[in-house]
Amino acid sequence: MENGEIPDNANEHCPGPQSESAGKADSCQGCPNQEACATAPKGPDPDLVAIAERMASVKHKILVLSGKGGVGKSTFSAQLSFALAAMDFQVGLLDIDICGPSIPKMLGLEGQDIHQSNLGWSPVYVESNLGVMSIGFMLPNPDEAVIWRGPRKNGLIKQFLKDVYWGELDFLVVDAPPGTSDEHISIVQFLQVTGIDGAIIVTTPQQVSLIDVRKEVSFCKKVGVEVLGVVENMSGLCQPLTDFRFMKLKETGEPTDVTEKVLEYMREKAPEMLDLVASSEVFDSSAGGAAQMCRDMEVPFLGKVPLDPQLCKAAEEGRSCFADQKCGVSAPALKSIIEKLLAANRWHEELQQMKE
């Protein structure tokens, strides 16, 4: 238990050997380290000093959270990082989703390795101003499951924070796992001394997702992290009409593809329809969606991003949705949300003044 590290064989929800409740908390019952923790001298964790020194060169730290998995949180984290880097900011993206690290794929970095230097671990770079760190770079087999208890996850998060050499950063975007578990408590605890600008929470429009997002907002308020805003992702399927496939169902229910016939008919009879964008509600938003929840809980609503198959494809291919015109319905929505975020917090002005 050197330097107050949580031992690998500790119970889940271990308070840490340096905590005043070490060896005495309910979660300590039955732990093989209980007696040692209860009698060990207490004091400040020296690793927090090392983290503070590392983070001193990072101007802004943003957590990206979600109440549920599968709502597009990592996609948003990736595209937020791409967008900030495209604005010539120095950006780092830290993936602390230990059991489901998808950031390497979404940044086009699968198969890359972490390198050690005399300054610490070096991030893997997409561009010279966009570095990435993830456990995904450390797994010998990408299909291997990470079966770790809380203490070991927390130890790796701490190591990422104190051992990764980011250099001077304008923004560190932290992609967290869904929910409010050990990883969230740890990242807040480790970064609180250096200051966290706040959290962006990603959700889908339906109540089954918003129920958990309310818990996420409550978590942020309890631990003193400002909610910078909520993003409603997958807010209706939206794509050019010509990208759809048209099917005709037989009496047996078997579909027949009639796409070419429909497109040919439109080209001949109604060519103006070929430029239309079609939209359909996928998730029920009759209760008001994320916008209503934000009004109820008095947190900012940043905007909606439609479910765009081209954005899904960009994430699969590990590229920015802003690099070309393919994501014609989602890229403008994401751009508007990011500009709103920068303007509300006056980050763009502040960082420009610092560089002048």
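Backbone N, Cα and C atoms are what each Cβ position is placed from, and that goes for glycine too.
According to TrEMBL, the feature region 'Disordered' maps to 1-28.
The [4Fe-4S] cluster binding site feature in TrEMBL is assigned to Cys14, Cys28, Cys31, Cys37. In this view, Cys28 ([4Fe-4S] cluster binding site) is surrounded by 21 other Cβ atoms within 10 Å of its Cβ, with every protein chain counted.
Feature annotation from TrEMBL assigns ATP binding site to Gly67, Lys68, Gly69, Gly70, Val71, Gly72, Lys73, Ser74.
Of the binding-site residues Gly67, Gly69, Gly70, Gly72, Gly67 has the largest number of other Cβ atoms within 10 Å of its own Cβ.
Every protein chain considered, the tally of other Cβ atoms within 10 Å of the Cβ of Lys73 (ATP binding site) stands at 26.
Here the CA atom of Val71 (ATP binding site) lies 40 Å from the CA atom of Cys37 ([4Fe-4S] cluster binding site). Checked against Val71 (ATP binding site), the binding-site residues Cys14, Cys28, Cys31 differ in C-alpha distance, with Cys14 being the nearest. Around Val71 (ATP binding site), taking its Cβ as the centre, 24 other Cβ atoms fall within 10 Å, counting all chains.
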